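Undergrad: These came from TrEMBL, pasted as-is:
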type	residues	note
ACT_SITE	His43	active site, proton acceptor
ACT_SITE	Glu70	active site, proton acceptor
ACT_SITE	His191	active site, proton donor
BINDING	Asn7, Arg18, Asp192, Gly214, His215	3-amino-2-oxopropyl phosphate binding site
BINDING	Arg45, His50, Thr101	1-deoxy-D-xylulose 5-phosphate binding site
SITE	Glu152	site 'Transition state stabilizer'
Amino acid sequence: MTKLSVNINKIATLRNSRGGNNPDLIKVALDAERFGAEGITVHPRPDERHIRYQDVFDLKKVIQTEFNIEGNPKEQKFVELVLANKPAQVTLVPDTEGQLTSNHGWDTIKHQSYLKDIIAVFKAEGIRVSIFVDPSEEMVEAAQSTGTDRIELYTEAYASGFHEDKERAIKPYIKAAKLAEKLGLGINAGHDLDLHNLQYFSQNIPGLLEVSIGHALICDSLYFGLENTIQMYLRQKNG
Ligand SMILES: CC(=O)[C@@H](O)[C@H](O)COP(=O)(O)O
Ligand SMILES: NCC(=O)COP(=O)(O)O
């Protein structure tokens, strides 16, 4: 069964906007788990615009479901943060500092040697590794030889094409997922998944192990409440 990992970056965005501790990130993470979240995802960025490095230490002490930390390992502070907290999973994302949000996957051919080395560092500590990739069979093929446990399919292109032509939008993801399965790679997915596009994605992607969803879910919770929203996403995912 595909797991829903709730990304709480945007809770931290709201908290940081006033300098205090409201909303309380730790409380939201624990409530999200109580409401049915099957994992918690955070993406501490170098500018700490939302998730702070200290948040990761605080969350690690209390999270009961799978903890997934995302980030770019070219940032040494990120590597040290992950090794110090040993989450269930680290998701390597090739974001640079100035990006508004994640907007591309790894070039697993060009960065093959680098990825091989850094993935080995995390795996030696028993941390499962996932790498963020575009839905490209070439990139998935090359991902296998990096030694990664999983890939995370970057789903922005699916989300942006969904309303116009969902069959067309999902096609590259089905191909990439079938190849990943054949190569023995675990399959995660995320970015811009929401209440409208999640069910079709999870119904059509073979071997999907985890979806990580943040922005749309937190926005939806403003209208439906966090507990109801998490239940709605779980129903869509399992539908
Ligand atoms: C890797 C990815 O697509 C998202 O998990 C990312 O964490 C979103 O980052 P922001 O929440 O900073 O937009
Ligand atoms: N890896 C994707 C993630 O954690 C959340 O992405 P989004 O739902 O905030 O776009």
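Backbone N, Cα and C define each Cβ position, glycine as well.
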Undergrad: From Arg18, Glu152, Asp192, which recorded positions have a C-beta atom under 6 Å away from some atom of ligand 1?
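TA: Result: none.
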Undergrad: Using DSSP and collapsing to three states, where does Asn7 (3-amino-2-oxopropyl phosphate binding site) fall: helix, strand or coil?
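TA: Reduced to three states, the DSSP call for Asn7 (3-amino-2-oxopropyl phosphate binding site) is strand.
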Undergrad: If you count Cβ atoms within 10 Å of the Cβ of His215 (3-amino-2-oxopropyl phosphate binding site), leaving out that atom itself, what do you get?
TA: 16
Undergrad: For Gly214 (3-amino-2-oxopropyl phosphate binding site) and the residue listed as 'active site, proton donor', determine the Cα separation and express it in whole Å.
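TA: Cα-Cα, rounded: 8 Å.
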Undergrad: Using only the residues recorded as binding 3-amino-2-oxopropyl phosphate (Asn7, Arg18, Asp192, Gly214, His215), report the maximum Cα-Cα distance in Å, whole number please.
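TA: 26 Å is the greatest Cα spacing among the residues binding 3-amino-2-oxopropyl phosphate.
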Undergrad: Can you name the residues of this chain that are 6 or more positions from Asp192 (3-amino-2-oxopropyl phosphate binding site) yet have a C-beta less than 8 Å from its C-beta?
TA: Thr155, Glu156, Tyr158, Ala159, Ser160, His215, Ala216
Undergrad: Glu152 (site 'Transition state stabilizer') to His50 (1-deoxy-D-xylulose 5-phosphate binding site): how many Å between their Cα atoms?
TA: 22
Undergrad: Please report the distance from the Cα of His50 (1-deoxy-D-xylulose 5-phosphate binding site) to the Cα of His43 (active site, proton acceptor), rounded to the nearest angstrom.
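TA: Cα-Cα, rounded: 8 Å.
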Undergrad: Can you check what DSSP calls His191 (active site, proton donor), collapsed to helix, strand or coil?
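TA: In three-state terms, His191 (active site, proton donor) counts as coil.
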Undergrad: List nothing but the one residue from His43, Arg45, His191 whose Cβ has the fewest other Cβ atoms within 10 Å; the candidates are the recorded positions.
TA: Arg45
Undergrad: So if I measure Cβ to Cβ from Thr101 (1-deoxy-D-xylulose 5-phosphate binding site) and keep only same-chain residues at least 6 apart in sequence, which ones fall under 8 Å?
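TA: Within the chain, Thr101 (1-deoxy-D-xylulose 5-phosphate binding site) has Cβ neighbours under 8 Å at His191.
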